[in-house]
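This report refers to the structure that appears directly beneath it.
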Amino acid sequence: MEAIRGTWSIGGIALGPIRICPRMGRTDTAGPTLSPEEELNRFEAARRGAMDQMEDLYGRALDQAGMEAAAIFRIHQMLLEDPDYQEAVHTSIRRGEGACQAVQRAGARFTALFSAMEDEYMQARADDMRDITRRVADLLTGVREEDLLGGEPSILAAEELSPSQLIGLERDKLLGLVTRDVGASSHTAILARAMGVPAVMGVEIQEDWQGRTAMLDGDRGWLYLDPTEQIVEEGEQMARKGREERLRLNQWRDRDTVTLDGREMPLLANIGSGAEGELARQKGAQGVGLFRSEFLFLDRDTCPDEEEQFAAYSQVVRAMAGRPVVIRTLDVGGDKQAPCLGREGDSSPLGCRGIRLSLARPDLFRPQLRAILRSGALGPVSLMLPMVTAPWEVRKAREILEECRSELQSQGREPGEVRVGIMVETPAAVVLADELALEADFFSLGTNDLTQYTLAADRCRAGGAYDPRHPAVLRMIRHTVEAGHRHGLRVSICGDLGADPDLTETFLRMGVDSLSISPEFILPLRELISGLDLSEDRPAE
């Protein structure tokens, strides 16, 4: 038996034969056989073909992995549409190169540029550029996609693997994944996690592994080649425990979330697309506490109109079947960029974002409010205003909302009754919580941004300085809950902190009324809460 330790892993157990993946690289050395104009036409046809393929992959990823993972393929489409990229290919072709050579030259150039950047997120875009380069080159040379698994259930071993290759695999035949060059922040890793593929990464792949039996332990980060009976038995036992845990958790799916002493704590879902509504319901969500509407705007050149937004919102409302749905109005900026907004898509977390952007751009705000009002006629819908810092912002938003309501009524479209809440995610909102409570119907604490702004620590770059458990953050949460309750408002938490099991009892004792979290955390947290007894008097912190 041979035991190999990876540098990082994705949890889960896999047992089966190893299948070696051919290397992605490909070089076309043939000179041009057509005129520059004809080669330009060939490139344009291949580029458009790649765009169409990315659209298909987006749909497949949406079904298997959710909106956030599927957005990877929107980024690939953006790279293909980038004017600088297209001009680089065109320039090489005009100088006499064939389309395939020009694509590879441009791809290598942009890959090198991304790789040289200091920001880890931007470095990871080098893998995306390699992926689209391979795809366009394949279309130009007529190379067909290979069946990397050979039609058999296998553990795939690859030096590198692109997101499009991963999502193109048959999920029921992909037992696990072993790679050498896939980084933890890469799009391939993000997609593998979302798909639930057990993986061990950072491993040197050997050709003689082909066909050998292996056990992959993604929970501990080990790969065992030709495992002993004892190792196999341990792996099967761990896999069995995983199945038993899933069965046990599924028993909580259709139950309310209530402590032993009768305190209710509804668990709602954070989602980013209409398609995720059904998934949230299957995961046991008691509603949607945060529909991130910005995901409808990201990675595209044109903003979604009222009808497209209404289709997405109504899909969630119908999937929830009478459970509450809270839709957050547009919140781009910081780590979320929307090219369709042009220069207004401020990359600064301190710039024109959230309610500021909505009030500055009524051409964006009004169609969104109309779509939300229309979806409210189908079920219990609330809207939530992000990045609020002053009461006048809420009053102005309500004024525009009522104007949109009147417009719909005059057009014979009956709007629903929509409650208006605010995201409490800035220190200003916490300090003014009593005043804001007079304008809002409910509060929802956005702990990700609240932590960032309270501690002056960028959550993407500050390392240990970004600490959601910092006493200052917890005191701000308690202050907001108390202020909301003084005015009869319900207060929820919808940031990552809401899924922290070590703080669940603390939040219950603070008086938090509900938690909105990623769907995969709902059942484990429901099981935890159902075993708590708050009758014993203890301090909230």
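Cβ atoms are placed via backbone N, Cα and C, with glycine included.
Per TrEMBL, the feature domain 'Phosphotransferase system enzyme I N-terminal' maps to 6-125. Residues annotated as domain 'PEP-utilising enzyme mobile' in TrEMBL: 152-221. Residues or ranges marked as active site, tele-phosphohistidine intermediate in TrEMBL: His187. The domain 'PEP-utilising enzyme C-terminal' annotation in TrEMBL covers 249-531. Marked as phosphoenolpyruvate binding site by TrEMBL: Arg292, Arg328, Asn448, Asp449, Arg459. Feature annotation from TrEMBL assigns Mg(2+) binding site to Glu425, Asp449. Marked as active site, proton donor by TrEMBL: Cys494.
Location within the structure of each feature annotated in TrEMBL.
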residue	record	Cβ neighbours (10 Å)
His187	active site, tele-phosphohistidine intermediate	24
Arg292	phosphoenolpyruvate binding site	21
Arg328	phosphoenolpyruvate binding site	23
Glu425	Mg(2+) binding site	27
Asn448	phosphoenolpyruvate binding site	18
Asp449	phosphoenolpyruvate binding site	22
Cys494	active site, proton donor	26
For the domain 'PEP-utilising enzyme mobile' (152-221), what does DSSP give as the number of helix, strand and coil residues? 17 helix, 19 strand, 34 coil
Quick one: Cα separation, Cys494 (active site, proton donor) versus Asn448 (phosphoenolpyruvate binding site), in Å? 9
Roughly how many angstrom lie between the C-alpha atoms of Asn448 (phosphoenolpyruvate binding site) and His187 (active site, tele-phosphohistidine intermediate)? 22
Cα-Cα distance linking Arg292 (phosphoenolpyruvate binding site) and His187 (active site, tele-phosphohistidine intermediate), given in Å to the nearest integer: 20
Whole-Å Cα distance, Arg292 (phosphoenolpyruvate binding site) to Glu425 (Mg(2+) binding site), is 15
Please report how many Å separate the Cα atom of Glu425 (Mg(2+) binding site) from that of Asp449 (phosphoenolpyruvate binding site), as a whole number. 6
Rounded mean pLDDT for the residues that make up the domain 'PEP-utilising enzyme C-terminal' (249-531): 89
Provide the three-state secondary structure of Arg292 (phosphoenolpyruvate binding site) computed with DSSP. strand
In terms of DSSP three-state secondary structure, what is the assignment for Asp449 (phosphoenolpyruvate binding site)? helix
